[in-house]
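Peer 1: So Swiss-Prot lists the following for this protein:
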BINDING   G8, R11, R91, R137, R140  CTP binding site
BINDING   G8, R11, R91, R137, R140  ATP binding site
BINDING   D21, D23  Mg(2+) binding site
DOMAIN    228-329  domain 'HD'
Amino acid sequence: MKIYLVGGAVRDALLGLPVKDRDWVVVGSTPQEMLDAGYQQVGRDFPVFLHPQTHEEYALARTERKSGSGYTGFTCYAAPDVTLEDDLKRRDLTINALAQDDNGEIIDPYNGLGDLQNRLLRHVSPAFGEDPLRVLRVARFAARYAHLGFRIADETLALMREMTHAGELEHLTPERVWKETESALTTRNPQVFFQVLRDCGALRVLFPEIDALFGVPAPARWHPEIDTGIHTLMTLSMAAMLSPQVDVRFATLCHDLGKGLTPPELWPRHHGHGPAGVKLVEQLCQRLRVPSEIRDLARLVAEFHDLIHTFPMLNPKTIVKLFDSIDAWRKPQRVEQLALTSEADVRGRTGFESADYPQGRWLREAWEVAQSVPTKAVVEAGFKGVGIREELTRRRIAAVASWKEQRCPKPD
């Protein structure tokens with residue numbers, strides 16, 4: 001029996017990145033030997049065991065053979081005669097097909113070290129094309145390591161295109177697509193994930209609402225980048241700088257979906273694109289089974305981001321109604337989330353990357369003023385039932401009006 005550290009732990013250690021999870025491969029052993037040594041079996045489809053002390057995963061070396069469609073259509077073979085090289089060959093990328101023995105020596109049968117040095121994401125073997133999930137995984141790795149200068153090898157991107165055009169991605173379940181997307185949204189450069197999907201044709205298959213934005217023009221006065229798809233990726237990049245939250249980043253990604261519905265004869269203007277985009281947000285989220293909290297914020301951002309841009313022109317009643325509409329009294333974090341997504345929208349434009357966004361500050365200030373109006377005072381004044389809410393709203397509007405008169409600049 002020989003045990004090797006494999007995959008991401010080896011890769012990230014070589015890149016000087018923190019190692020979170022450690023996975024191990026066991027060569028020359030059987031399930032019974034692992035059980036006799038005190039390991040606990042957890043794998044249903046192939047032999048994976050938990051170490052009795054560390055609870056890290058130890059998998060018997062195995063090979064995989066395509067036996068059906070999609071990313072689940074594989075038959076696994078695990079036996080003492082499966083070599084380490086056999087096991088590493090089934091992995092997706094050469095940088096993930098590295099192993100380390102107990103002496104610290106790196107085993108690299110597929111030039112993963114060279115690709116690490118050259119910052120290349122390259123597939124290990126043609127078997128890559130048998131698993132459609134790998135298209136998403138490579139896009140996610142490209143986003144995760146973009147800040148280190150990694151790029152996808154030409155032949156790997158070509159294979160990803162072939163897989164997409166062959167209809168392989170249609171076998172992916174919504175849950176797996178969302179899981180990879182959610183993980184990509186946590187990276188430093190989530191926009192790279194969607195750019196890679198577009199480069200290989202997968203964006204049109206998995207995210208047609210986003211793909212439809214490319215080639216749709218916006219007024220050059222407001223959008224020097226002109227193309228709405230490019231603007232969308234720029235805003236996502238900016239959102240990633242402003243917030244680590246997946247819901248903020250996803251909402252930013254979806255903020256302009258309605259522009260994809262504008263008839264070409266009306267281009268480059270997109271009146272009413274916010275409310276129009278709400279239906280597309282719902283459609284996308286229902287298809288991918290996006291969690292409701294993330295979906296709800298995306299709907300609100302699509303509907304209200306343009307309103308926040310015009311904040312100085314809003315009357316106090318409209319401002320308080322906005323807080324009602326986003327359910328800020330019960331979910332106050334939405335005010336900050338809406339401020340951040342709107343700021344990302346403004347700064348996600350060519351030449352505006354460092355622009356100030358005072359509307360975000362005014363939105364936050366108005367919220368502090370509105371929520372500082374005490375409910376207790378209304379009740380103590382003798383208001384009852386629905387009258388409490390009406391009086392509370394009246395006082396909030398009055399407080400915001402007073403603040404706006406003093407602190408918010410008059411519209412030109």
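Cβ atoms here come from the backbone N, Cα and C positions, even for glycine.
Thinking about packing and proximity, how do these listed features fit into the structure?
Peer 2: Secondary structure at R140 (CTP binding site), taken from DSSP and collapsed to helix, strand or coil, is helix. Applying an 8 A CB threshold to same-chain residues 6+ apart, the list for R140 (CTP binding site) reads E180, S183, A184, T187, F193.
Its Cβ taken as reference, R11 (CTP binding site) is surrounded by 21 other Cβ atoms within 10 Å in the chains shown.
A sphere of 10 angstroms centred on the C-beta of D23 (Mg(2+) binding site) encloses 16 other C-beta atoms.
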Peer 1: So among the binding-site residues G8, D21, R137, who's got the most Cβ atoms within 10 Å?
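Peer 2: The residue with the most neighbouring Cβ atoms within 10 Å is R137.
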Peer 1: Around the ATP site (G8, R11, R91, R137, R140), what further same-chain residues have their C-beta within 8 angstroms of the site's C-beta centre?
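Peer 2: Here the non-site neighbours turn out to be G7, D92, L93, I95, N96, F141.
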Peer 1: If you compare CA-to-CA distances from D23 (Mg(2+) binding site) to each of the binding-site residues G8, R11, R91, R137, which comes out shortest?
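Peer 2: It is G8, whose Cα lies nearest.
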Peer 1: Should G8 (CTP binding site) be counted as helix, strand, or coil on the basis of DSSP?
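Peer 2: G8 (CTP binding site) sits in a helix per DSSP.
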